[in-house]
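Here the structure is laid out as structure tokens; the discussion comes afterwards.
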Amino acid sequence: MTGSWNPTSIIIPVTLSFLLSFIHNFADVVAAPTRHLCLPEQRDALLELKNEFEIGKPSSNDYCYRNNSRVSPHPTTESWRNNSDCCNWEGITCDTKSGEVIELDLSCSWLYGSFHSNSSLFRLQNLRVLDLTQNDLDGEIPSSIGNLSHLTSLHLSYNQFLGLIPSSIENLSRLTSLHLSSNQFSGQIPSSIGNLSHLTSLELSSNQFSGQIPSSIGNLSNLTFLSLPSNDFFGQIPSSIGNLARLTYLYLSYNNFVGEIPSSFGNLNQLIVLQVDSNKLSGNVPISLLNLTRLSALLLSHNQFTGTIPNNISLLSNLMDFEASNNAFTGTLPSSLFNIPPLIRLDLSDNQLNGTLHFGNISSPSNLQYLIIGSNNFIGTIPRSLSRFVNLTLFDLSHLNTQCRPVDFSIFSHLKSLDDLRLSYLTTTTIDLNDILPYFKTLRSLDISGNLVSATNKSSVSSDPPSQSIQSLYLSGCGITDFPEILRTQHELGFLDVSNNKIKGQVPGWLWTLPNLFYLNLSNNTFISFESSSKKHGLSSVRKPSMIHLFASNNNFTGKIPSFICGLRSLNTLDLSENNYNGSIPRCMEKLKSTLFVLNLRQNNLSGGLPKHIFESLRSLDVGHNLLVGKLPRSLIRFSNLEVLNVESNRINDTFPFWLSSLSKLQVLVLRSNAFHGPIHEATFPELRIIDISHNHFNGTLPTEYFVKWSAMSSLGKNEDQSNEKYMGSGLYYQDSMVLMNKGLAMELVRILTIYTALDFSGNKFEGEIPKSIGLLKELLVLNLSNNAFGGHIPSSMGNLTALESLDVSQNKLTGEIPQELGDLSFLAYMNFSHNQLAGLVPGGTQFRRQNCSAFENNLGLFGPSLDEVCRDKHTPASQQNETTETEEEDEEEISWIAAAIGFIPGIVFGLTIGYILVSYKPEWFMNPFGRNNRRRRNTTTH
């Protein structure tokens, strides 16, 4: 029936609706505990923790890494609010049953501050994961960290934490991951760390840890990842590390380990990466390492290893990266190396490998991309089998002894992937630049420095046009006499070094038409000028904005500094030193004030004063050995990035620039040989490492506390990694240099070590006592106070200068004894105490017994075994000298009285007789030679 009622049509939908509603409500009931589990005391602790730190404001350029992805910093704690569920806060994970916080991830949260022992963090007793990576937290880790006994992961890397690892760390017995890298932790690794038996990952790299690695580290049987590089560990590598059978990654680079690699490392058959480079390891590499068949990376570079590379090294069949450069390996290069299929990088440069080269029988295309075997003792030619390395991108065979046979450059035409070729200092025949460039269609960098290169300006003999892909070309020391015209077509050229040649004439103007040229080194040639702007390719008509580094030192340039330089608006480094430029420094260089970081105009004939309104971005300014006059411009105070200021050997007439102490980055100050005068005011130079104000007219006394705030010379070792040499300079392209009096000689520092410290106040008119505060400069290497008027005693505090190598206090007015404490300065190789008023026992230290006698001469009464030893026949003990002198004086006094008596009586008789004659007779024979007329003549002559 149409329109009749069907009960099922209503029952079914109602039933379904009821079921859906029931399921939904049931789900809410079940899910409710996971959404509202925040415990009030946990929330309060987190909010208090939030207030313990400052939150920075990252800029758009700041970034950090999370899960190997680059992300922007994010202030995680800003989203924490009192009126919301803390288990839903960012960075918080709660236990689903108890509601307690078990994970706290505040990595990359821009937090500042330090932990206190009563931090609210330690109230989160059930915390399992704590990640504070990549913040700016500092201070020590309080021992209260040991209260978080449930921790399994503790990650504090990339902060500013310092001090020791707290001993309470051993309470974290459940810890599986401990990451403390890239902080300032110091001291030794506590041996109790060996009790953390669940540890699988230990990351302590890039800190200031020292001492020996505790052997207890071998107890961490679950460890798979151990990273300790870039610290100050020393001693031998503990053989107990060989017990870590599960270890897959072992990083020990950049420390001071000595001795051999433990043979027990051969037990680490799960090892994939072994890095022990940049230490002081020696001896043979244990043959047991050939057991590590899973090894993909073996890094042994920059040590003192000896012996040969085993022929069966191909047993390491998974090796992808083998680096053993800068050692003392001998023997031949095993051709079996080239039979390791996965091998991508091989670096054996700077060893003593010898013999002829054989690259083996390569049956299939090699995966090798980097073959670096230069600076050895190989002889012969380059094997033609090199062409089989079809994936090769970098090849370095510098210093190959080809026995004066030519190099077959056609080999390289088969290497379609070759990007970087280094063949410097071969003993080959002349290389014709015009002939070889056509072989390189894809090459971007070519180094043939130190070879005899012909660059005759002619058309290429090859039918192929020369490559136009080269971006970097090294032609230093090639005996070139004419600028290579073939470079004119190298439009991709960005880096060109033609230094140390014999190129004469003008620097060609077409150079400036190369649109990508950013580095040009013309130093040590015989150039006379830059091509005039009136020429066809003159400097006024070309684009020059790409030039960043220009070196033209030690040539024959004359006249004024060319004004075209002012148009190099991107210029970062300008070195025109050791030429014959005259006139003043161009004012147009003001156009470079925002880009120029390094300006070296040393050893020219420049005159006038230093400009007042340029160079505000400078990091290094050297105008020494010119004819500059006037005063130091006070505008220097605005050079906030200035690290080096050298104005030596000019005619600057000014008082001491105490106001330079406001330059917080100033490290080198040289005012030597000018006309500076007056007292030197007390000033704070927190980063100053080298100061030379010698040979001026400074006077007055030095305040007792003068050196108290010279912190860089006092505690340099705390701030610098002295295990690896670092030099002052702007990256790869420029390194500062200077001349300094050291050990009595003028020593040229071609590069300035960042840990080098020196103080030279010699050749002035200082008086008074040497300040006792000089003993605070514990990092000082050179101290020269000679040729002044210092008086009083040499301060015994100088005995604190434990790093001192050279001490000169000669030509002063010092009195008293040489402090016995100086005898304990084991590095003091040179000393000079001469020309003072010193007396007493000379210290008996070994270094004192190695000096020349002249170091002690012209004093009042120095004596002692040390002096007897260094002077030997030249020296008579002071006490004996005094006795001899007194006896001689007594004898001379007796003789004088006798002589006086002998002459006295006849003298009286003669005097009375002459007096009688003068009064009575005045004879003419007497008056002519001795009388009035002669007196008149003498008076006239005198006037």
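Yeah, the Cβs are placed from backbone N, Cα and C, and that goes for glycine too.
Database features (Swiss-Prot):
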| type | residues | note |
| --- | --- | --- |
| SIGNAL | 1-31 | signal peptide |
| TOPO_DOM | 32-897 | topological domain 'Extracellular' |
| CARBOHYD | ASN82 | N-linked glycosylation site |
| REPEAT | 124-148 | repeat 'LRR 1' |
| CARBOHYD | ASN147 | N-linked glycosylation site |
| REPEAT | 150-171 | repeat 'LRR 2' |
| CARBOHYD | ASN171 | N-linked glycosylation site |
| CARBOHYD | ASN195 | N-linked glycosylation site |
| CARBOHYD | ASN219 | N-linked glycosylation site |
| CARBOHYD | ASN312 | N-linked glycosylation site |
| REPEAT | 319-340 | repeat 'LRR 9' |
| CARBOHYD | ASN361 | N-linked glycosylation site |
| REPEAT | 366-389 | repeat 'LRR 11' |
| REPEAT | 415-439 | repeat 'LRR 13' |
| CARBOHYD | ASN457 | N-linked glycosylation site |
| REPEAT | 491-514 | repeat 'LRR 16' |
| CARBOHYD | ASN521 | N-linked glycosylation site |
| CARBOHYD | ASN524 | N-linked glycosylation site |
| REPEAT | 544-568 | repeat 'LRR 18' |
| REPEAT | 569-592 | repeat 'LRR 19' |
| REPEAT | 593-617 | repeat 'LRR 20' |
| CARBOHYD | ASN605 | N-linked glycosylation site |
| REPEAT | 753-777 | repeat 'LRR 25' |
| REPEAT | 778-801 | repeat 'LRR 26' |
| REPEAT | 802-825 | repeat 'LRR 27' |
| CARBOHYD | ASN832 | N-linked glycosylation site |
| TRANSMEM | 898-918 | transmembrane segment |
| TOPO_DOM | 919-943 | topological domain 'Cytoplasmic' |
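Swiss-Prot feature annotations superimposed on the structure.
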residue	record	contacts (Cβ under 8 Å, 6+ apart)
ASN82	N-linked glycosylation site	ARG43, LEU47
ASN171	N-linked glycosylation site	GLY146, ASN147, SER149
ASN195	N-linked glycosylation site	GLU170, SER173, SER216, ASN219
ASN312	N-linked glycosylation site	LEU290, SER336
ASN361	N-linked glycosylation site	none
ASN521	N-linked glycosylation site	SER476, LEU496, ASP497, VAL498, SER499, HIS549, PHE551
ASN524	N-linked glycosylation site	SER499, ASN500, ASN501, SER553, ASN554, ASN555
ASN605	N-linked glycosylation site	ASN580, TYR581, ASN582, ASN626, LEU627
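The repeat 'LRR 26' (778-801): residue composition by secondary structure is 5 helix, 8 strand, 11 coil, according to DSSP. Long-range Cβ contacts of the repeat 'LRR 19' (569-592) within its own chain (Cβ-Cβ under 8 Å, at least 6 residues beyond either end) map to 518, 523, 544-561, 563, 598-611, 613-615, 622-623, 730, 733-734.
The listed stretches are 124-148, 366-389, 491-514, 753-777; of these, 753-777 has the most Cβ pairs under 8 Å to the repeat 'LRR 27' (802-825).
When secondary structure is read from DSSP and collapsed to three states, ASN605 (N-linked glycosylation site) falls in the strand class.
If you take every residue in the repeat 'LRR 26' (778-801) and average the pLDDT, you get 96.
With a cut-off of 8 Å between Cβ atoms, the residues of this chain six or more beyond the repeat 'LRR 26' (778-801) that come close are 694, 712-717, 740-742, 755-772, 807-819, 821-822, 824-825, 832, 838. Pairs of Cβ atoms less than 8 Å apart link the repeat 'LRR 13' (415-439) most often to 366-389, out of 124-148, 366-389, 544-568, 753-777. Within the chain, the repeat 'LRR 25' (753-777) has long-range Cβ neighbours (under 8 A, six or more residues past its boundaries) at 667, 672, 689-708, 710, 712-714, 716-717, 720, 722, 725-728, 740-742, 783-801, 803, 808-809, 813-814. There are 22 other CB atoms within 10 A of the CB of ASN832 (N-linked glycosylation site), with all protein chains counted. According to DSSP, ASN361 (N-linked glycosylation site) sits in a coil region rather than a helix or strand.
The number of other CB atoms found within 10 A of the CB of ASN147 (N-linked glycosylation site), across every protein chain shown, is 18.
DSSP assigns ASN171 (N-linked glycosylation site) to a helix in the three-state reduction. Sequence-distant contacts of the repeat 'LRR 11' (366-389) (same chain, at least 6 residues past either end, Cβ-Cβ under 8 Å): 325, 333, 338, 341-360, 395-403, 405, 407-408, 411, 414-415, 417, 422, 424.
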